[in-house]
Amino acid sequence: MTEELKQEMAGQEYDASQIQVLEGLEAVRMRPGMYIGSTSKEGLHHLVWEIVDNSIDEALAGFASHIQVFIEADNSITVVDDGRGIPVDIQEKTGRPAVETVFTILHAGGKFGGGGYKVSGGLHGVGSSVVNALSTQLDVRVHKNGQIHYQEYKRGQVVADLEVIGETDRTGTTVHFTPDPEIFTETTEFDFDKLNKRIQELAFLNRGLRISITDKREGQEQTKDYHYEGGIASYVEYINENKDVIFETPIYTDGEMEDITVEVAMQYTTGYHETVMSFANNIHTHEGGTHEQGFRTALTRVINDYARKNKLLKDNEENLTGEDVREGLTAVISVKHPNPQFEGQTKTKLGNSEVVKITNRLFSDAFSDFLLENPQIAKKIVEKGILAAKARVAAKRAREVTRKKSGLEISNLPGKLADCSSNNPAETELFIVEGDSAGGSAKSGRNREFQAILPIRGKILNVEKASMDKILANEEIRSLFTAMGTGFGAEFDVSKARYQKLVLMTDADVDGAHIRTLLLTLIYRYMKPVLEAGYVYIAQPPIYGVKVGSEIKEYIQPGANQEVELAAALERYSEGRSKPTIQRYKGLGEMDDHQLWETTMNPEHRLMARVSVDDAAEADKIFDMLMGDKVEPRREFIEENAEYSTLDV
Ligand code: TSJ
């Protein structure tokens, strides 16, 4: 309590309730932000709404029809209404006139008189006493019972008792206040556009209300007067003013259930943009809430029901989605609730759960009646939704194509893939061939009908150390996944494999073994289902061929017994007229196309080893060892594999 107040109290008898009053308004001045949100420009304008809301309530109660707001030349505000006038009789509890209590007791505004409900009140739920506390001066004139009752306050404190200052032939309340620059340190200047915008909105939200704003400040004198018999239907028309609409008059419905009134106005534009605005007790619920939820559900259901009943949607066609039926929609939903619960980050989400079913039922009934009574409009609405659904499906498809292009789908087959002509994965084979020269031989030697060749060059990426996007950025790896058509990562789908044989064809030397290990590791880690399905093979180019004349009679595979097998074969063919000769094969690159076909690719002669998951796991371990930080095991591996690969798969 200030010294000033204490001194005042010392000279006068105050009862307990009056001490509370003084302390209450003093608290408002101490922490204004707690009552009006902030003391910035926002808070300053909030004062106007705290006052205007009372007149709106009087209008909603059915007693006021005209509200005027003036920005006075000195930046003070006057609000005038033609309601019953704030009661001036002495209240039992306080022994003071009701109007004085309104301005001097925190939270007392509008709570007396009973009946109806306080619809407005802003986000902070405070009243006129707060405005009084934060104004250097405030005066009220109540026109009631043929008399003009007057009282003035300074920084919330009563200047003099309520007095009669004249006669009148009307009723109503006029409040005039000057915001305190000690509180509003940022600015005390009102923004006409800001007040005007909200005043127009209040006019839309309160059908039939006349509300005006007048700027009396020098050089910017102007008046805006609003009065919408259509209420929120006019709001929808206003929003759609410069848009093409699919029917002229907005659909409008209002209803009441359990003391909750619900109004909905809506109109479709020919465009795609959705504008759904909702309000609860004239407060814009930016975050939506239960009223919007009820509306959306009803809109979707009613349109689908109508479309089905009228065969606009066939039995085999899917329902329109909420998004479909809201394309091009402009809608305003306004509910008035005796006890609104505001939730969400900015307290602009209506939380009252009963509002879902009330809004749903009231709107559903009205809207389905409307569709029945206006079949041409109904047809247009349904057709617009169907068009939106088609566009949605097409857009999804387009997105998938885009994803395929940027990703690893078959629409973007790698340039160096020599694909086969068959589309039957059960019979097709993909050869991964090390090196360009072997790749060239394989391409010309293969059976184009069912064999595809993907040459890869050099060492591929260390998939263990690389991040997912690095792996996906690697050209060799991308080529492999793209050619296989299986997708990658979470989207991997073995059933999409374009080949049910994936054949690794690498040289029988240490580099070949290394590359094969890398490939197996990649497959093990990123294509495991392909391994599990048994699709992965390793080509087994022979080390020797046993030739009689120009014909190759037998191939000898590399291995520990290769010399014994060669001798046995020579034995078998030495009985004939011409002596068998030995053909020795080195790397893949040393075979011509015909030889490569005959020895390694022709299903009639070739040997291929199917790779099991365990084999690949082993390769993966070897890979870890090769790529790991330890030098010793790596050298051992390379020495052991110097001759040819002994990776037993
Ligand atoms: F907020 C305010 F107090 F400053 C204020 C109130 C400011 C303005 C511009 C208007 C009003 C206001 C209050 N306008 N109309 C009313 N009505 C009543 O307070 C009222 C009148 C009669 C009865 C009754 O039951 O007879 C009840 C009420 C709440």
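Cβ coordinates come from backbone N, Cα and C, glycine included.
Predicted, not measured: the structure shown is a model, and the values here were computed from it.
These come from TrEMBL:
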BINDING   Glu434, Asp507  Mg(2+) 1 binding site
BINDING   Asp507, Asp509  Mg(2+) 2 binding site
DOMAIN    428-542  domain 'Toprim'
SITE      Lys459  site 'Interaction with DNA'
SITE      Asn462  site 'Interaction with DNA'
Requested in this report: Let me know the model's mean pLDDT on the domain 'Toprim' (428-542).
Outcome: 86
Requested in this report: Just name the winner among Glu434, Asp507, Asp509 (the binding-site residues) by count of other CB atoms within 10 A of its CB.
Outcome: Glu434
Query raised in the report: At the Cα level, what's the spacing in Å between Asp509 (Mg(2+) 2 binding site) and Glu434 (Mg(2+) 1 binding site), rounded?
Result: 12
Report summary line: Per DSSP (three-state), Glu434 (Mg(2+) 1 binding site) is strand
